[in-house]
Number of protein chains: 2
Amino acid sequence: MPIGVFDSGYGGLSVLREMQRVLPDKDFIYLGDSGRAPYGGRDLATILDFAEQCTELLFAEGCKVVVVACHTVSCVALRHLQHRYANDERRVLGVTVPAAENAVAVARGRIGFLGTRRTVGSHTFRTEVAKLDATAEVKEVAAPLLAPIVEEGWECGEIARLAVQQYVEQLGEVDTLVLGCTHYPLLKAVFEEVLPDGVNLLDPAPFVAGRFMDWLMRHPSFSESAGSGLVRVLSSGDTARFAVNAERFLGKVPSVVEFVSERGGRLVFSAEGSEPTGQFLR
Amino acid sequence: MPIGVFDSGYGGLSVLREMQRVLPDKDFIYLGDSGRAPYGGRDLATILDFAEQCTELLFAEGCKVVVVACHTVSCVALRHLQHRYANDERRVLGVTVPAAENAVAVARGRIGFLGTRRTVGSHTFRTEVAKLDATAEVKEVAAPLLAPIVEEGWECGEIARLAVQQYVEQLGEVDTLVLGCTHYPLLKAVFEEVLPDGVNLLDPAPFVAGRFMDWLMRHPSFSESAGSGLVRVLSSGDTARFAVNAERFLGKVPSVVEFVSERGGRLVFSAEGSEPTGQFLR
């Protein structure tokens, strides 16, 4: 009974890492839909389609609980997924509510939040914060270039610093900054350099993992078997590139990355051959 | 009998602009598949699916000739599209062969080429150059961050300069640099600043447009009616954002951007309502 985790790409592996830290004996299946990433600029109907496909695939592979590590999907589609799939035997959990809880717990009233265009456009984070603390001010800013910078592996250079600086300036004065996209924790050092002293920099992943452990304890029927700490990694993108990038997020190279292909708009398991150069005929 | 032009996003509008310049009386339909952009990192089967859908949609809207403005699609899928759709009444044309012709005409033996990961991985540009000049050296480098920088509208700042610099350094010594992605012409000023004196900077769009005019004259059955210089613009992304961005590529705001939505992996015309904030249920 592995635990399913999915994200639009590599980023959610940073959430998986925290989950493994608190639940070292559990088995996981991670699906990175990197062939169709980023989700952040796609239309809502498409994001819902993709989120359904990822969820269905993880349930089909034997998961009973699916954790939506992607903030974009969590913000716009979590309720839809829960409404459609959750029952006594299957659950879908997200990251937005834990992120809001975490922010309210550490902030002193002025919370900044960076995410994709779609995440920010949903205002779901702000809504969740308001439920917990109606007096907290939340400033949400879309930072669409940060994920591509991390995907390119340029999180240490001057480009990353300038981009982070531009987005941080748009936030104005905040006492806490929430990294509302699973790519951003790789830019932590840059954020620490750019942010004024005294601003809390918040990667919600450890709190999300703690909340999940807590949830499992309260729902023992989803936590029967101990497992053996295995992780299966699936990706809809270039699996070799995924394995290399996975190391930066997960802290280790996954032993194998299985390929899930998109055919006619649906995810299906595929054998990945070497791809031809030149014109591609079929 | 409008002429169809498509690209994965806004970029191809810079090709359309050049086509309008040489064919001011023709009518055009431009499809920007920006809801699913960028194509450059997608798997080959997906790019073929998307390319088929764009081509079919433009034929369905009455076009007899479809110009693939996207270098990624041109490099990997043009032959497939021609094989599948081209006949005495319908044609599909690309940008890679004209770009190679243009490069060979102006270069002094050392050609650099920047494009998406998929474009560069296909080596189609290099193959086409070799057919024209077997002695020319071609260095192809993938520049996956440049399109996102342009999409963000940051083509004038320090971030753009640093990114261009990094990619140009990877090229080594060249006498001509081909901009092998329709986004890159917006970074022309940055390239001119970064490139050493004497390097030709080549945006293939004017040559592509000239070649197309030439082709039309040699194929009069595809050029019957004069038209009235109208352009219909279709987009699968956020149409309001598309209109704003279109101005930067096309040099003017399109009067209306029609919405084409992705449903079940297929492009279909849709009415675009205002999108809800918060969780999205269906």
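From the backbone N, Cα and C atoms, a Cβ is placed for every residue, glycine too.
In this view, A:His183 (substrate binding site) is surrounded by 28 other Cβ atoms within 10 Å of its Cβ, with every protein chain counted. Under the heading substrate binding site, TrEMBL lists A:Asp7, A:Ser8, A:Tyr39, A:Gly40, A:Thr182, A:His183.
Taken from TrEMBL, the feature active site, proton donor/acceptor covers A:Cys70 (among others). Within 10 Å of the Cβ of A:Cys70 (active site, proton donor/acceptor) there are 35 other Cβ atoms, across all protein chains.
According to DSSP, A:Cys181 (active site, proton donor/acceptor) sits in a coil region rather than a helix or strand. Listed in sequence order, the residues of the same chain lying 6 or more apart from A:Cys181 (active site, proton donor/acceptor) and placing their CB within less than 8 Å of its CB are A:Gly11, A:Gly40, A:His71, A:Thr72, A:Leu114, A:Gly115, A:Thr116, A:Thr119, A:Ala143, A:Leu146, A:Ala147. Positions annotated as active site, proton donor/acceptor by TrEMBL: A:Cys181 (among others).
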For A:Thr182 (substrate binding site), the number of other Cβ atoms found within 10 Å of its own Cβ: 29
A:Tyr39 (substrate binding site) in three-state DSSP notation: coil
Close in space, distant in sequence - A:Asp7 (substrate binding site), Cβ under 8 Å, 6 or more apart: A:Leu13, A:Val15, A:Tyr30, A:Leu31, A:Gly32, A:Asp33, A:Val68, A:Ala69, A:Cys70, A:Thr182
Beyond the site residues A:Asp7, A:Ser8, A:Tyr39, A:Gly40, A:Thr182, A:His183: chain residues whose C-beta lies within 8 Å of the centroid, for substrate: A:Gly9, A:Gly11, A:Gly12, A:Ala37, A:Pro38, A:Cys70, A:His71, A:Thr72, A:Thr116, A:Ala147, A:Cys181
Three-state secondary structure, which DSSP defines for A:Cys70 (active site, proton donor/acceptor): coil
A:Ser8 (substrate binding site) in three-state DSSP notation: coil
Cβ neighbours within the same chain of A:Ser8 (substrate binding site) - under 8 Å, at least six residues apart: A:Gly32, A:Asp33, A:Ser34, A:Arg36, A:Ala37, A:Pro38, A:Tyr39, A:Gly40, A:Phe50, A:Cys70, A:Thr72, A:Val73
Neighbour tally for A:Tyr39 (substrate binding site), based on other Cβ positions within 10 Å of its Cβ: 24
